[in-house]
Every structure is written in C-alpha cells, then in structure tokens.
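Please read the structure below before turning to the comments.
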Amino acid sequence: MLDIQLLRKDLDGVAKRLADRGYPLDVAAFSALEAERRAIQTRTEELQARRNSLSKQIGAMKGRGEDTSAVMAEVGGIGDEMKASAVKLDEIQARLSELMLEMPNVPHESVPVGRDETENVEVRRWGAPRQFDFDVKDHVDVGTPLGLDFETGAKLSGARFTVLRGPIARLHRALAQFMLDTHTQQHGYSETYTPYIVNPDVLYGTGQLPKFAEDMFRVEKGGAENTVTQYLISTSEISLTNTVRDSIIEASALPIKLTAHSPCFRSEAGSYGRDTRGMIRQHQFDKVEMVQIVAPEASYAALDEMVGHAEAILQKLELPYRVVALCTGDMGFSAAKTFDLEVWLPAQNTYREISSCSNTESFQARRMQARFRNAQGKPELVHTLNGSGLAVGRTLVAVLENYQNADGSVTVPVALRPYMGGVERIDAPSSAA
C-alpha cells in the first residue's frame with residue numbers, strides 16, 4: 001500500500017507515475033474523499049473545543065449555584081453530532097482504504113517507462129546458446145519418453161497439470177535440492193517450511209488481494225460451517241514475507257533472508273490459449289523462493305544481490321540466460337523495480353522467464369505493518385524483496401532442451417550429478433543400460 005501522506009502531498013505526481021505503469025488513478029474520487037475527511041475532522045475539532053469550553057462553563061455555573069440544564073443540553077447535542085461524525089469518518093476512511101488497496105506501487109525512478117514486455121530493457125547476457133548438429137526437440141518430445149506424462153496429469157486434474165515419473169521426477173527433485181543447498185550454504189538464506197494454505201489477510205499483506213482474487217485457488221474446510229475462505233499460495237513469497245507481519249524487528253536482526261521450496265498454485269485466469277503445450281504454464285508448479293527483509297537504505301543493494309543469487313543457479317547449471325529490467329507497464333502490482341532472468345530455450349529459439357526479482361520497498365510492509373526499530377529507537381517500515389531462485393519446472397524444461405542428445409537421452413548437468421547418485425545422463429527406461 002502506498003503512503004497516504006505521499007498522495008496528500010503530491011497527488012498529481014503520484015498519478016503521473018502510476019499512469020506510466022498503466023494505472024489510471026481516480027484523482028477526483030481521492031480528492032473528494034480527502035476533502036470530506038478534512039471537513040469532518042475540522043468540524044469534530046471545533047465541536048471538541050466547544051464541548052471543552054462548555055464543560056468548564058458548567059463547572060463554574062455549578063460553583064455559583066446556577067441552572068446548567070440548557071448548557072448541558074447543548075453538550076449532549078454536541079456529543080450526538082460527534083458520534084454521527086465518527087461513524088461518517090469511519091465510512092470515509094474505509095472507502096479511502098479500499099481505494100488505496102487497489103493502487104499498485106509507484107515505480108522507482110530508474111525503471112524504464114514502457115507499455116508492456118516489448119519495451120523491457122535487456123541488461124546483460126551470460127553464456128552462448130549451444131549449437132546443435134541435429135534437429136532440436138522441445139521439452140515435451142524430449143521428456144515424454146523419460147517420464148514426462150501430460151496425459152495422466154490431465155486425467156487426474158485437467159489441463160495444465162503434469163505427472164513426472166522415474167528419472168524426470170528424480171531430476172526435478174535434484175534441481176530443487178540443488179537450489180536450496182546453494183541458497184542456504186552459499187548465499188546466506190535460512191531454509192523455511194511454511195503452510196501452503198493461507199488466510200485472506202496474508203494475501204492482502206503481499207498484494208494478491210483484493211485485486212487478483214481470480215488468479216488464486218480458494219479452499220474450504222470440509223464439514224465446517226461459516227468458515228473463512230482460505231487460499232492456496234501462488235508463491236511462497238506470500239507466506240515467507242508475512243512471517244514478519246505485525247512485528248517490530250530489532251535493527252541488529254536485519255537483513256532477514258529466507259528461502260523455501262514449495263508448490264505454487266495459479267488459476268492462470270488471464271492466460272487462456274497461452275503456452276498450452278508442455279510445462280511452461282501450469283496450474284501447479286514448484287519454485288524455490290528467496291525473500292529478504294531489509295532496512296530501507298539497503299534494499300536496492302539487496303535487489304542486485306538477489307538477482308546475482310538467481311544468476312548463480314543458472315551459471316552453475318551452465319544454462320545461457322539474459323537479465324532484463326522490466327518497464328513500468330510490465331511490472332507486478334507490488335513491485336517498485338523488477339529484474340527478470342530469462343533462460344534460453346533452443347526449441348523456441350528464444351529466452352523465457354525463469355526468475356523474477358523485485359524490490360517492493362515499503363509497499364508490502366505497510367500492508368503487513370512490518371517494522372524495525374531504527375537508530376533513533378522509533379519503529380520504521382522495513383523494505384521487502386522477493387525473487388525466484390528458481391522456478392523448478394521451467395528449469396527442468398531448460399535442462400531437457402539444452403542438454404538433449406541426438407539419441408534421445410539427456411546429459412545431467414555436472415552440478416546436479418551429486419544429487420542424482422552420480423548419474424551422468426538419463427535415458428528412456430526401454431533403452432537404459
């Protein structure tokens with residue numbers, strides 16, 4: 001959530017910056033609510049002052065033995081008006097809160113202005129795409145003989161679900177373990193296991209609600225009546241970041257660096273017809289997430305660090321990739337600045353997103369009331385960052401395509417072999433040695 005004081009001080013400036021990311025701020029609605037709020041608060045202050053004056057007058061009159069009934073009646077009327085004003089003020093504050101919850105974060109000044117992904121800016125590339133001397137297959141054709149089973153996934157759960165078997169399942173598990181070990185042993189993150197089902201207020205905290213309810217899977221407790229609807233997490237960013245909600249952290253405890261491996265559940269409501277083949281866009285997929293909770297002055301250095309941590313995974317796997325700075329029109333709702341990592345997929349002859357690393361500044365912290373005690377001993381909002389480290393399914397796709405061989409086998413990246421019992425390549429069961 002944005003700082004309402006920022007809007008009060010520079011409403012037109014905020015509106016312009018939000019317009020850069022495609023959000024039309026309703027300046028008239030905000031201004032009208034603010035004017036009404038100020039009028040009620042001013043009137044309430046006047047009434048309070050009048051009531052205080054009358055209370056003193058009543059005391060003096062009683063001391064002189066005078067009749068105070070008329071003055072007391074006026075005080076009673078003032079009390080009634082103040083109660084009505086308080087109710088009206090609560091209504092206005094609620095409407096302001098609703099308006100604020102719909103507003104995305106303000107882009108950082110360094111974010112390139114653009115309408116959509118076509119105007120993102122490439123920052124750098126790493127690695128050269130492999131030159132194949134045979135016809136390249138996509139991950140579906142490579143993986144199906146090795147245990148990638150879309151037919152059974154569809155039979156069990158419908159479209160955009162997959163069953164992994166045998167060597168493919170083992171490779172998928174190896175990737176997740178390798179990512180976790182790298183982040184915990186080399187990058188300083190603390191491995192964390194959190195619930196996959198969360199309450200609505202948790203999703204308000206990280207910005208998925210109220211705007212993106214249609215992208216979530218809702219769950220209800222069987223056999224229970226009048227229960228609160230809960231949600232399956234779309235990323236473990238949600239649960240990891242909310243571990244610091246409603247808390248004041250000592251400055252000495254910062255930065256807090258957390259990582260988790262979890263399934264992620266997304267309805268993909270706005271993705272009809274996109275990436276319908278294979279594992280690129282699934283309703284359920286695994287991801288290793290990185291989250292950092294930091295002091296405000298450290299957040300952009302932390303963003304660069306986090307991007308480097310995601311890059312390290314791709315470099316160890318020797319997968320070519322590029323880093324892209326997202327433009328204003330392509331950033332996520334809560335982000336002030338985002339870098340995407342895109343991995344090379346030879347069958348598509350292009351780079352595809354495999355990680356997104358974002359600094360939300362104080363946007364999520366304000367919603368969560370996550371604070372730290374600053375040098376002056378006063379509570380101050382932390383900055384929160386999140387990044388994929390990496391999406392496990394898409395990394396599996398990249399390994400299958402980049403490490404495929406002409407005979408249908410797949411070479412196991414050197415970094416993964418300790419997690420595969422020393423296996424150097426995987427073959428279809430029918431042709432395995």
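For all residues, glycine too, the Cβ spot is worked out from N, Cα and C.
According to Swiss-Prot, the feature L-serine binding site maps to Thr235, Ser236, Glu237, Glu289, Ser388. Thr235 (L-serine binding site) is surrounded by 22 other CB atoms, counting those within 10 A of its CB over all protein chains shown.
Within the same chain, residues at least six positions away from Arg266 (ATP binding site) with a Cβ under 8 Å of its Cβ are Asp215, Met216, Phe217, Ser234, Gln282, His283. Residues or ranges marked as ATP binding site in Swiss-Prot: Arg266, Ser267, Glu268, Glu353, Ile354, Ser355, Ser356.
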Farthest-apart CA atoms of Arg266, Ser267, Glu268, Glu353, Ile354, Ser355, Ser356, residues recorded for ATP, distance in Å: 19
Rounded distance in angstrom between the Cα atoms of Ile354 (ATP binding site) and Ser388 (L-serine binding site): 8
In sequence order, the binding-site residues (Ser267, Glu268, Ser355, Ser356) whose C-alpha falls within 10 A of Ser388 (L-serine binding site): Ser355, Ser356
Environment of Thr235, Ser236, Glu237, Glu289, Ser388, the listed L-serine site - residues of the same chain whose CB lies within 8 A of the CB centroid: Ile238, Leu240, Ala260, Ser262, Cys264, Lys287, Val288, Met290, Val291, Asn386, Gly387
Site with most surrounding Cβ atoms, counting all protein chains shown within 10 Å, from the binding-site residues Glu268, Glu289: Glu289
